[in-house]
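Colleague: Annotations per TrEMBL:
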type	residues	note
DOMAIN	30-71	domain 'EGF-like'
DOMAIN	72-113	domain 'EGF-like'
DOMAIN	118-173	domain 'TB'
DOMAIN	224-264	domain 'EGF-like'
DOMAIN	265-302	domain 'EGF-like'
DISULFID	CYS269-CYS279	disulfide bond
Amino acid sequence: WGHPCEMCPAQPHPCRRGFIPNIRTGACQDVDECQAIPGICQGGNCINTVGSFECKCPAGHKFNEVTQKCDDIDECSTIPGICEGGECSNTVSSYFCKCPPGFYTAPDGLKCIDVRPGFCYSTLSNGRCGSQMPQPLSKMQCCCDSGRCWSPAPAAAPEMCPIRSTDEYRKLCTVSAMLPARPALPPAPPEGIPPPLIPGAYPPPHIFYPSRAPPEHPILPVNLTDYCQTFRHLCRNGRCIPTPGSYRCECNKGFQLHGREECLDIDECERNPCVGGDCVNTQGSYICQCRVGYQSTATRTECR
């Protein structure tokens, strides 16, 4: 208005946030942010909601409110005590542990298990460890059974075993609970006769179990041939197929393999399957929300 012109005062927006006036009717209608804002929810799955939108990020990612994208979580810097005894390497949506000699990498790659043979002590009195057991035992074998102290080498000072029912004890000893039950061993032979070994029953990898009583027989490595039976959490949203000394994942319908053991949902809406409607992605599938003049099929995957 005027000369030179000045701007008129701003008019109040007729619709609340997330809505826009319809050009023809003037009525407030929902904005589909997933279509309207380029690059929104990058790396994730955008779902339009009335007046807003929702961003579903894949496992190992979190939604960044500032950039409105899915960022990879760096587990190595966010999870305290991760890969204890080893080195943590971050990967997209996950991580793995590089373990030093004497440590065994768990089959899922997410933990280092100490299998170094050392010295086990069965008594602790006035802060002094005593009654050294004759056979070498790993820290897990020693402390998760009847040991009170463990030392990795003769010259090293013994360290106290964690107290039962503490987090430290659970962390050390839950690995043994994940492994299959140890087969029954023959009774101990009379004094002086070496106990029999069971040939071929225990191929590597060498993982050791805590024994139930002080063992009178050599510690034998455990057969880990069927990873799918041993570690039940492998292949989420899929089926675990054992292979010689390892495993592979077959994903359920509507999911695809991401990395080695995680099946992630396929976003079917990317190929625009809902002609005459709006596509909403779901876990393992999708549904079509049909527009006026169209009817949904029984499976809700098409508009006619």
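Keep in mind that glycine also has a Cβ here, set from the backbone N, Cα and C atoms.
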Colleague: So which of 30-71, 72-113, 118-173 has the most C-beta pairs under 8 Å when paired with the domain 'EGF-like' (224-264)?
Modeller: 72-113
Colleague: Restricting to the same chain and to residues at least six past its boundaries, which positions have a Cβ under 8 Å from a Cβ of the domain 'EGF-like' (30-71)?
Modeller: 16-20, 92-94, 236, 258, 262, 264-265, 267, 269, 278, 280-281
Colleague: Return the average pLDDT for the domain 'TB' (118-173) as a whole number.
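Modeller: The answer is 85, the mean pLDDT of the model over that range.
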Colleague: So how many of the residues in the domain 'EGF-like' (72-113) end up helix, strand or coil by DSSP?
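Modeller: Helix/strand/coil tally for the domain 'EGF-like' (72-113): 4 helix, 16 strand, 22 coil.
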Colleague: Among all the protein chains here, how many other CB atoms are within 10 A of the CB of CYS279 (disulfide bond)?
Modeller: 21
